[in-house]
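All remarks here apply to the structure that follows.
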């Protein structure tokens with residue numbers, strides 16, 4: 001009995017000792033834990049295999065930026081506008097809605113006759129001799145009482161002088177006297193494709209050497225920001241972030257080559273909305289060379305007014321697809337006139353390069369010089385024809401062949417309710433040639449009609465319908481009535497001495513009045 005009691009007692013003692021040991025160990029762990037730093041973050045992490053490609057891409061972008069950044073500069077402009085210029089410019093608080101990045105006016109009243117205006121933009125070094133390309137709108141207001149300061153990526157500063165400006169492309173060249181200048185490498189706009197990865201480098205909002213990334217969203221855009229009938233717009237569109245101050249900066253490809261000069265944005269807020277536009281380098285390069293060598297651009301002119309062929313015009317002219325450029329007017333004594341190009345011709349190629357839009361043709365011709373010969377392939381009366389044209393300088397043109405005319409009224413009218421026009425017979429006399437111009441005059445355009453939507457105006461004189469001469473109201477009525485709904489007609493119109501073409505698709509129903 002006593003032996004069993006001894007065994008039980010020994011077991012109880014062992015249990016108590018064990019409990020004490022466990023408690024003591026826990027206490028020691030707690031005490032030691034007070035001096036330990038808790039472990040955070042995942043240990044022994046293995047990156048996914050796909051990150052290898054991303055690291056390589058990262059390194060490539062870093063290499064491109066390191067090469068390009070030294071070639072992109074900040075341009076600070078100080079100009080003085082007199083009161084007359086200030087009133088003319090009419091700077092407003094909502095000026096940021098302008099698609100260009102224009103000057104900002106310091107707030108506060110000015111007592112002096114001259115009002116200081118400051119601007120900030122970007123530029124790209126294109127020559128180690130100190131030539132820098134930027135946008136014309138960045139520096140155009142610098143006059144006798146203005147200055148241009150260029151700040152390099154390494155923070156060196158230089159005064160700059162204007163070498164030349166070209167408002168028709170919104171480009172300008174300035175020059176600094178500096179050493180160890182790194183010029184940028186030029187790419188080729190013809191190699192640019194929609195979807196290509198690009199980088200925009202500039203100085204937006206005073207943030208020097210800012211790099212943003214995106215893709216080429218579209219190519220060949222015309223956004224109508226150059227207020228001149230001879231203006232050339234054939235922009236690269238990108239979603240790389242561009243803001244005020246980026247004007248004149250670089251748009252580069254994945255090899256670090258310059259493919260465009262950042263110029264404008266489309267915005268409702270005054271800031272980045274995802275739509276940036278850059279001048280293609282092929283166009284910019286020819287302008288830059290001219291400005292450096294001559295201080296101005298020596299540009300050849302074809303001597304025509306044109307517009308793109310749309311789907312309705314293509315249908316009216318029985319074309320297979322809507323592409324090419326319709327010639328509306330020929331300038332007297334121009335290269336086109338002397339070569340035999342006629343109004344109504346459709347230009348489809350220049351030097352064997354296909355032409356799809358009017359602004360594309362303008363961009364091609366803008367890179368040519370006076371007296372340079374070009375080959376035009378065009379369609380006339382459904383026939384393919386070739387003409388060789390020697391371009392002329394702008395000063396050699398005297399005006400459109402079709403001149404203003406005097407009206408002789410005739411009260412008889414005809415109304416076509418399908419297209420929405422009321423016309424009357426008109427015999428007009430050309431004031432230059434004294435020859436009668438026969439046709440029908442538009443006396444009324446019905447609201448919401450196809451004629452109104454396509455741009456026919458009261459006072460227009462319709463001289464042809466689908467290449468058929470209109471000599472009477474009966475001619476016009478018959479030519480229009482022979483077309484079925486869904487078919488199209490092409491009106492040749494004389495408007496204020498100029499010739500234009502309007503294509504109308506015949507609707508299914510008459511327009512309600």
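Glycine too: its Cβ is placed from the backbone N, Cα and C atoms.
What TrEMBL says about this protein:
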ACT_SITE  137  active site, charge relay system
ACT_SITE  170  active site, charge relay system
ACT_SITE  247  active site, charge relay system
BINDING   78, 137, 170, 245, 246, 247  substrate binding site
DOMAIN    291-382  domain 'PDZ'
DOMAIN    404-497  domain 'PDZ'
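Features per TrEMBL, on structure.
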{"residue": "78", "record": "substrate binding site", "DSSP (3 states)": "strand"}
{"residue": "137", "record": "active site, charge relay system", "DSSP (3 states)": "helix"}
{"residue": "170", "record": "active site, charge relay system", "DSSP (3 states)": "coil"}
{"residue": "245", "record": "substrate binding site", "DSSP (3 states)": "coil"}
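Put simply, residue 170 (active site, charge relay system) is 15 Å from residue 245 (substrate binding site) when counted between their Cα atoms. If you take every residue in the domain 'PDZ' (404-497) and average the pLDDT, you get 80. Taking every pair among 78, 137, 170, 245, 246, 247, the residues listed as contacting substrate, the largest Cα to Cα separation comes to 19 Å. Sorted by the number of other CB atoms within 10 A, the recorded positions 78, 170 start with 78, the lowest. Within 10 Å of residue 170 (active site, charge relay system), as judged by C-alpha distances, the recorded positions found are 137; the full candidate list was 78, 137, 246. Taking the C-alpha atom of residue 137 (active site, charge relay system) as reference, the shortest distance to any of the recorded positions 78, 246, 247 belongs to 247.
In this structure the C-alpha atoms belonging to residue 247 (active site, charge relay system) and residue 78 (substrate binding site) are separated by 16 Å. Across the domain 'PDZ' (291-382), DSSP classifies residues as 24 helix, 28 strand, 40 coil.
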